[in-house]
Amino acid sequence: MKPQQLATQKFSEHCGYSAAQTVFAPGRVNIIGEHTDYNDGFVMPCAINYGMAVSFSKRDDSVWRVYAIDIDEQDEFDLSRPIEPSEHKWANYVRGVVKYIQEKCPEFKQGADLAMTSDVPMSSGLSSSAALEISIGKTARVLGDLPLSLTEIALIGQQAENKFVGANCGNMDQLTSALGQKDQVIMIDCRSLDITPTPVPHGYSIAIINSNVKHDLVTGEYNSRRQECEFAARFFGVKALRDVTSERFIERAAELQAQNELAYKRAKHIISENQRVLEAVEALKANDMVKLGQLMAGSHDSMRDDFEITIPEIDYLVELAQVAIGKNGGARMTGGGFGGCIVCLVPDEKVEHLRRIIADNYEKQTGIKETFHLCTACDGVHLI
């Protein structure tokens, strides 16, 4: 059963009446451009046909009663009172979005019953958290008829995750869930928020293979990577690493390396990755899938060697996929790192070969069974 249908059904069972409306917000997969978003750089994701559905109806008070179907938990809070953190981690994504919507729209106090469910795997690097944030933001906009653009909702989602949940994410995930376009990858300039859509190549599929090694980015490694990037930006005297050219980096690389080896390696990844994204857009426009495959491979190598966010299981999956796909197409880790998924752009005629190669080897090598998803690029958040 699709999340949209399940949300509607479970709302009726849990609340005792039928939901008025349902919102769907997609997850996302990032084709190339990893950890560049919080460095004001470039990314090239697409929204995918897995996401979060929220069925909801207005109440005649200011209470939000939120039922999380997948874990059978409920959270309740009152919009007429200051919104405080919940003991449930998932509920803080909801509360955080509503809290920061109220900062922009102080009059918003419309209560609601909500039931939500997702088919985005948790901690997989496919933005289950952003899908939750954007679905809640859209729900609030509908409930209160609020004058918020989808871009504003995306930035509120990022703010909630940064300040209320405590994860220093960039803005790519939320922008993609809000603004995705059917059959398009979208290059996002994470500083200007300009979007450049480019069609997914005809005859190619997007395959996402989940290593089923889970990560949790709220603590530790993700935030330390961000701090190392900020150190490098201060070293170069710029607002963000987006502003450092390859030439300038090379000129001062030895000096940075002597001061801070990790900051040097992180900056090397970010600066080269931004260039790869720009080249990937041109490769897609030219339908040059050999070039795109090379760029994806370069991105993965850089994440492994310089940003140091891959793990052996992910590296092995990428090796298998690259062999199965060949030169026309590519594979790399996608998401924050330390587990999660790889993304593949694979010729349609090689999809089953890829599936078989992975199935025959990955579990045998790692003791973990992968999950294989074929995805389509889809529209961003919408009412159903």
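Keep in mind that glycine also has a Cβ here, set from the backbone N, Cα and C atoms.
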Of Y100, Y204, Y222, Y264, which one shares the substrate site with E34, H35, T36, D37 in Swiss-Prot?
Y222
Counting across all protein chains shown, how many other Cβ atoms sit within 10 Å of the Cβ of R28 (site 'Transition state stabilizer')?
33
Within 10 angstroms of S128 (ATP binding site), Cα basis - recorded positions out of R28, E34, Y222:
R28
Sorry to bug you, but what's the C-alpha spacing from G125 (ATP binding site) to T36 (substrate binding site), rounded to the closest Å?
15
Which of T36, S128 (the binding-site residues) has the most other Cβ atoms within 10 Å?
T36
Additional residues around substrate, ordered along the sequence, whose Cβ is within 8 Å of the centroid of E34, H35, T36, D37, Y222:
G33, Y38, N39, V43, G170, M172, R225, I270, G336
Inside 10 Å of the Cβ of D173 (active site, proton acceptor), count up the other Cβ atoms and send me the figure.
30
Have a look at the binding-site residues (E34, D37, E161) and report the one with the fewest Cβ neighbours inside 10 Å.
D37
